[in-house]
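Enquirer: Quick paste from TrEMBL:
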type	residues	note
TRANSMEM	163-181	transmembrane segment
TRANSMEM	187-211	transmembrane segment
TRANSMEM	231-253	transmembrane segment
TRANSMEM	273-296	transmembrane segment
TRANSMEM	303-323	transmembrane segment
TRANSMEM	393-417	transmembrane segment
REGION	428-448	region 'Disordered'
COMPBIAS	433-443	compositional bias 'Low complexity'
DOMAIN	482-725	domain 'ABC transporter'
TRANSMEM	818-837	transmembrane segment
TRANSMEM	849-870	transmembrane segment
TRANSMEM	891-923	transmembrane segment
TRANSMEM	929-948	transmembrane segment
TRANSMEM	960-984	transmembrane segment
TRANSMEM	1066-1087	transmembrane segment
Amino acid sequence: MPAATAASSCNRDKFTALQVEICFRNLSVSAEVDCSDRETDNNQEDVPTVVTAMREMVAIGRPRTTQRVDRQGRYENIASSELQARQAPELARLFQNSAVHRHTVECLASRVNSSPDEAGRKGVELLTRASPFPQRFWPNTRSLTRRQLVLVWRNTAFLRARGVMSVFMGLIYGSTFFQASPTDIQIVLGLCFQAVLFLLLGQTAQIASFVEARVVLAKQRRAQLTRSTSYVIACCAGQLPAALAETAVFGSITFWLSGLDFDASSSSSWTRFLVFEGILFLTLLASIAWFFIVAAVSSDRNVAFPVAMASIIAFNIFAGFVVPKDELPDWLIWGYWLDPLAWSLRALAVDLYRTPSLDQCEYGGVNYCQLSDEEQTAGEYYLSRFDVPSAQLWVPLAAGFLLITYAAFMVLAWLMLERMCRRHEEDSTVHFTPSTKTTSSSPQSDGSYVIAVTPRSDGPLQDGLDGCEPTLNEAAVVPVTLAFEDLWYSVPADDADAGAARDLLKGINGYARPATMTALMGSSGAGKTTLLDVLAGRKPSGSVRGQVLLNGQPASDLMVRRSTGYCEQVDIHSDASTIREALVFSAFLRQESAVPEHEKRSTVDECLELLELSDIAGLTIRGRSREQLKRVSIGVELVARSSVLFLDEPTSGLDAQAAAVVMRTVRRAADHRRCAVVCTIHQPSANVFALFDMLLLLQLGGEAVYFGESSVDALKAYFEALPGAKPLPHGYNPATWILECVGAGVTRAGDQTPPFARIFQASGLYVTLAKALEAQKLERSEMVELVFSTKRAASSWTQMRMLTSRFRTLYWRTPSYSLSRLFLALALGLIVGALFSEADYSTYQGMNAGVGGIFLSLTYCGIVAINSVLPLVVQDRAAFYRERSAQSYNALWYFLGATLAEIPYVIVSSFLFTVLSFTIMGFTDGGDVSWGVGTIALYWLVMALFTLQQVYLGQFLAYALPGVELASLAGTLLSSILFLFAGFNPPSSSIPQGYRWLYELAPQRYTLAALVALVFGDCSSSGDDQTGKFGCQVLQNPPLELEGLSVKQYVESVFEMKHGDIARNIAVSLAFAVGFQLLGLLSLRFISYQRK
């Protein structure tokens, strides 16, 4: 064949379903498989279906029919076993010996790429390039950067929340530390510490989006659409504008309002401000890069959030403020020099205190050069109080370190992401082991599928083989006929006219009888899902007119929800449950409480067999394929004994084989469970379309153009009579043909199309439909009356029992959430304890360090508890919305289950943290043995109560806000404010009078006061040190104004924390926990983010 002719032939080749089947039949000849009984479907769209069918025929060695599945043939021993084609390599070998393969080789040999066509040249250039990526590096990076900027810009809710939070917290910090004096170094450094900590905490909200974006990256990386390097650079560039704006707003308000320009008359004031802004900006970038790494290395969000919170605690510990550098143990000093927050705090302190006015001996009437042997200036003297090096060189060194840290973090993130993508590629590669050639006389025992043979049947299979279908209790499902007449649905119009409405459905009529399947078809936007939602009572807004009848009765909301089932397009379940547990949960909650439990479990077994899920019933829902999840969704509704089953696009996102499996199970459910199935479907394959009994076709605008039988004969009789309609070609998909006949309701401007809706209303089918609807009204007395006395089928006890059991299972099977908290409690308990193991709590500096250690412990428990619970709650909340729509249970019992499930894990984690930190920090040395045991038990109780309180606060935020990002931002805002006014920095006595109300409302204040007073405020009489309690010891090396005070007196005067208030503080903490619970319950009950 000449090259040009071959190229032309190859370019024109398009395999239809018929050609694909011919190819497989040629293969089946060598495999001794009979394909002659199969009917062909000459339709390009059905190629995947035909390939699936032919593959099954070749694999099992028997013809595949639509009427009966020859199960025995799958296991028969074909005489020539060496010709069996059961695995992909064997099929490939047969294909390589076929004429189709030879033709393909000839096409390649004919140098199709020599075509002068421009598209051909571009294709050759793409195929012959050395790089596997379609775009070069920099164009690819620019494309990804533009996409990342668009994604950031479109997340308006998140950007607005960050902007409001930056302004608000800037005002809070600036007014709290208003016009701070440079002589109060603890206040000034405390402000700088709070500022960098706030920026660090604020970026935790992006962890959820970072983790979710990995899925897209992995998919695009496998398809070689993008590089991991380009993605990382794009993420860096995409964060720059928002980070710069956030730093500028927050830094400006904080700097000028708090009076950090200590030398305002100097010309260097603006220089110090720009340095202040620059250090904050670099700190923010380093924080984003760090959380980018955390998201890259974590398996999911349940791991990422606790790890991020633990890293924040570590950054706080080694920052040099709560624990000064010289107070750190020598073997942990490396943490100080590697901590980005320590470098930021050091640079900010040097920038603020090395000013012309402070670089002198005389300041404020005090000669600071005479206060030390080193003749330090005022600025150097104050910096030395917190072990901060005073050389101005530390400012550029810190900027360089933060830049290097930012770059190093992004490189590490790239390495982690590249490793993740390569691991996904390896996991997606399927390896086949060639089958061993055997004969029936020499069986092997290696477990190969080919070796598992059974004797060939001498005669044909008996018709009784169909009796192997599951035996189901059909009487358990009440037969219900759904009818709808003159159904309209309207929503407010988008224009400004008050009271204007737009009709989405216009006078729709139809019905669905038991044991039938009705298809709702039409183009996108024709109103298929809208009609389904209206019939199922899932439209909370808008106006519905017309009638919906169930067995001739007007369908009330209770009747619809109790007697129908609804499968959404997206399959949402509590993914830690097994498939069987999901069905048992639905059966126990949605079947009448009078039904015995053994009968409910029997229904579950029947539905598992019906849906072909018995073999995988013990597997968790997490990780199942989309086709399996769809069958689980159908099963959840079937075990509820739903009389009418609504399905929204059940084949969406499925390949031809998976779609056929799902719809075959739906057909069996309709036949055996005697339920009416109403299903929206978009252009199904011919095999799937043949499963339906009735068809309701909608056109754009929400008008019906056909309702009647879906058989080919009925469709041909109606649609071939339409004006301008072409006859149905032989072997053509009838679903595609009818959509083409009416244009699917989509017309171009200027097109003249017949009024299909009016033609249908004038047809005999419409008259038949009207008579059928009227007959159903007359037959109402003969139908089963649907009566429900309660809103929910199950009793309150059953609801509580099933929900608490499911939450217990959810937490147990989500170790990424539960175990990560336990491991972090162990690690941080050891670290916090080790940091203060050598502290002398009788000294002024050691006493402040001890209070700081307790404050750090509360910070860890608070931010870890709030942020860790958010992903789990938001993820399971979607299942709650679906189950609440079906009236499965009361929101109270769901909330109670979520509340009780947390308690054991909180108790254990707080116990581990308390025992380690309390004992290693030396708090047990403050009294006798009985005092130590009692104190540690009460300390543990208070710590557990506070952790539980913060968990309930996190649950409330998750229920009240739309997503993890906003909930995390809200948690950051609340934590920043409440920990600021907890009474440590600034101390309770130094909080401005205008903010005392925030101090009184801060839950952290009461817990911190109880814990500090428990350890340092216990002393029966001042100055009595006979028992060795910390509170009775005299404070060593205090400032002059605190001379002679005991530890207890110091705690009471500066921090306002008294031992006699411990019981009151515990009671208030308990009240806060109960209050957060009530807020969470109200949010769960009255706030919904379900999109319908």
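Easy rule for this one: first residue shown is 1, then count along the chain.
Even glycines carry a Cβ here, placed using N, Cα and C.
Help me see these features in their spatial surroundings.
Expert: Counting same-chain residues at least six beyond the ends of the transmembrane segment (163-181), those with a Cβ under 8 angstroms from any Cβ of the stretch are 187-188, 190-191, 194-195, 198, 202, 245-246, 249-254, 256-260, 969, 972-973, 976-977, 980, 986, 991-992, 994-995.
Residues 158, 162, 165-166, 169, 173, 177, 180-181, 246-247, 250-251, 254, 258, 260, 280, 283-284, 287-288, 291-292, 294-296, 298, 300-301, 304-305, 308-309, 312, 315-316, 319, 321-322, 341, 344-345, 348-349, 352, 386, 388, 863, 867, 870-871, 963-966, 968-969, 972, 975-976, 980, 985-986, 990 of the same chain lie 6 or more positions beyond the ends of the transmembrane segment (187-211) yet place their CB under 8 Å from a CB of it.
Listed as Cβ neighbours of the transmembrane segment (231-253) (distance under 8 Å, sequence separation of 6 or more from its ends, same chain) are residues 141, 144-145, 147-149, 151-152, 159, 162-163, 166-167, 169-171, 173-174, 195, 198-199, 202, 217, 273, 276-277, 280-281, 284-285, 288-289, 292, 410, 413-414, 417.
Only residues 6 or more beyond the boundaries of the transmembrane segment (273-296), in the same chain, are considered here, and those with a CB under 8 A from a CB of the stretch are 195-196, 199-200, 203-204, 206-207, 210-211, 214, 232, 235-236, 239-240, 243-244, 246-248, 250-252, 255-256, 260-261, 304, 307-308, 311, 340-341, 344, 347-348, 351-352, 395, 398-399, 402-403, 405-406, 409-410, 412-413, 416-417, 420.
Residues 189-190, 193, 196-197, 200-201, 204, 207, 210-211, 290-291, 294-295, 332, 335-336, 338-342, 345-346, 386-388, 816-817, 820-821, 824, 827-828, 831-832, 835-836, 849, 852-853, 855-856, 859-860, 863-864, 867-868, 870-871 of the same chain lie 6 or more positions beyond the ends of the transmembrane segment (303-323) yet place their CB under 8 Å from a CB of it.
Sequence-distant neighbours of the transmembrane segment (929-948) (same chain, 6+ residues past either end, Cβ-Cβ under 8 Å): 857-858, 861-862, 865, 902-903, 906-907, 909-911, 913-915, 918-919, 923, 1003-1004, 1007, 1010-1011, 1014-1015, 1018, 1027, 1029, 1062, 1066, 1069-1070, 1073.
For the transmembrane segment (1066-1087), the list of distant contacts is 880, 891-892, 894-895, 899, 941-942, 945-946, 948-949, 952-953, 955-956, 959-960, 1003, 1006-1007, 1010: same-chain residues at least six beyond its ends, Cβ to Cβ under 8 Å.
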Enquirer: Going through 393-417, 818-837, 849-870, 960-984 one by one, which has the most CB pairs that fall under 8 Å from the transmembrane segment (891-923)?
Expert: 818-837
Enquirer: So what's the mean pLDDT when you look at the domain 'ABC transporter' (482-725)?
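Expert: In the predicted model, the domain 'ABC transporter' (482-725) has a mean pLDDT of 91.
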